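What follows is one structure encoded as structure tokens, with my remarks underneath.
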């Protein structure tokens, strides 16, 4: 009977330690699972009974893993893969903590595997789990390693599978445990080296895909501008011929002056001719993006003034990242500007960095607004149902400028008595 309660206490303690870890990983409050937790704890009774009755540690270990999967699946009600990945991270963290604690305990005793040291280790693990739940932000770690990164997810699952295999093998052949443990460490190191190379290739491939998507989106636009300029050149030669005939058709100075002014006004106000300077920009994605915004400004009757001070743009950032920066700033300016409004865009380069400026009507900035603008999730754009969209544009902009040691300036300007928001990014 004493052995039964000993197993029961250990299983309950381990259950709560992993429960706290998983609550931190999934960002779940205790109140959300409290009602279904107490009945499910009854599952520990038959598991403890099996541990007491069976002589096979292998069978008990297998049943323990099945119990953990069933228990946490019923508690959190998440898909199986989410339970497995969450449990894998919790197990890896617990293993690392136990190894550290074991090294510390071995400084005071030759045998770190006594019941007393085991209880001390588990108690410390429980305290650490609570601290991580309160202050550790394990949910962000889970989101970064598992949800957003397939390579790291595979690494975590591979390490978890090896850990489970090592434990099961140790249950079969306890005498060979150290050999198995050393093989396990060697395999883990090998996997990490292989996946490090794969992850590097993954990042390179992801950047190439982003660049390809940008080219697919904006190169057809710049090709359209080139075609329009070529067509306009043909019309332009006809207009020059018509202008050369004006002195013959106009009999006096006043009629000649009026006809010439009319022809020149028509040519100078031509949309294609006015935008042809974009073809001089060395980054064609940027040129295509600006031309698309010029067309949008025409549709919305927005007075868009683009000043490209230097057509040779240079930056440490890749072209598609510079495009992302410009897209965030310009799209925000268009979102904040009503039809018939005014937007200023200034682009310059000093040979090392490219500066992008936008100026559009907006509110007077407060210290809180300046801070909130670059916070992940903050947005001033309401959706149709009255909720606010999840703003990540300016947060992403801040990350890009930080990555390449850039600068962001946000302030207010007054133009013709109207308050405007002014952004300046150097990247």
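Using N, Cα and C of the backbone, Cβ positions are placed for all residues, glycine too.
Unlike curated records, TrEMBL annotations are generated automatically.
The feature domain 'Histidine kinase/HSP90-like ATPase' is assigned by TrEMBL to 324-425.
What TrEMBL records for 7-26 (among others) is transmembrane segment. Within its own chain, the transmembrane segment (7-26) is flanked in space by residues 33, 37, 41, 44-45, 47-48, 51-52, 64, 68, 71-72, 75-76, 78, 82, 86-87, 89-91, 93-94, 122, 125-126, 129-130, 132-133, 136, 138-139, 141-142, which lie at least six positions past its ends and keep a Cβ under 8 Å from the stretch.
Beyond its flanks by at least six residues, the transmembrane segment (33-51) meets 4-5, 7-8, 11-12, 15, 19, 23, 59-60, 63-64, 67, 70-71, 74-76 of its own chain at Cβ-Cβ distances under 8 Å. Summarising the annotation, TrEMBL assigns transmembrane segment to 33-51 (among others).
Here the transmembrane segment (57-75) has long-range neighbours at 11, 15, 18-19, 22, 33, 36-37, 40, 43-44, 47, 50-51, 83-84, 86-87, 164, 167-168, 171-172, meaning same-chain residues at least 6 beyond its ends whose C-beta is under 8 angstroms from one of its own. Residues or ranges marked as transmembrane segment in TrEMBL: 57-75 (among others).
The annotation transmembrane segment is assigned in TrEMBL to 87-106 (among others). The list of residues near the transmembrane segment (87-106) in space but at least 6 beyond its ends in sequence, with Cβ under 8 angstroms from a Cβ of it, reads 17-18, 21-22, 25, 68-69, 72, 112, 117, 120-121, 124-125, 128, 132, 138, 141-142, 145-146, 156-157, 159-160, 163.
Sequence-distant contacts of the transmembrane segment (118-135) (same chain, six or more residues past either end, CB-CB distance under 8 Å): 10, 13-14, 16-17, 20-21, 23-24, 93-94, 97-98, 101-102, 105. If you look up TrEMBL, you'll see 118-135 (among others) marked as transmembrane segment.
As annotated by TrEMBL, transmembrane segment applies to 155-172 (among others).
According to TrEMBL, the transmembrane segment annotation covers 178-198 (among others).
Within the chain carrying the transmembrane segment (155-172), a Cβ under 8 angstroms from the stretch's Cβ atoms is held by residues 56-58, 61-62, 65, 84-85, 87-89, 91-92, 95, 145-146, 180-181, 184, 187-188, 191-192, 195, all 6 or more beyond its ends. DSSP labels the residues of the domain 'Histidine kinase/HSP90-like ATPase' (324-425) in these numbers: 30 helix, 37 strand, 35 coil. Restricting the average to the domain 'Histidine kinase/HSP90-like ATPase' (324-425) gives a pLDDT of 84.
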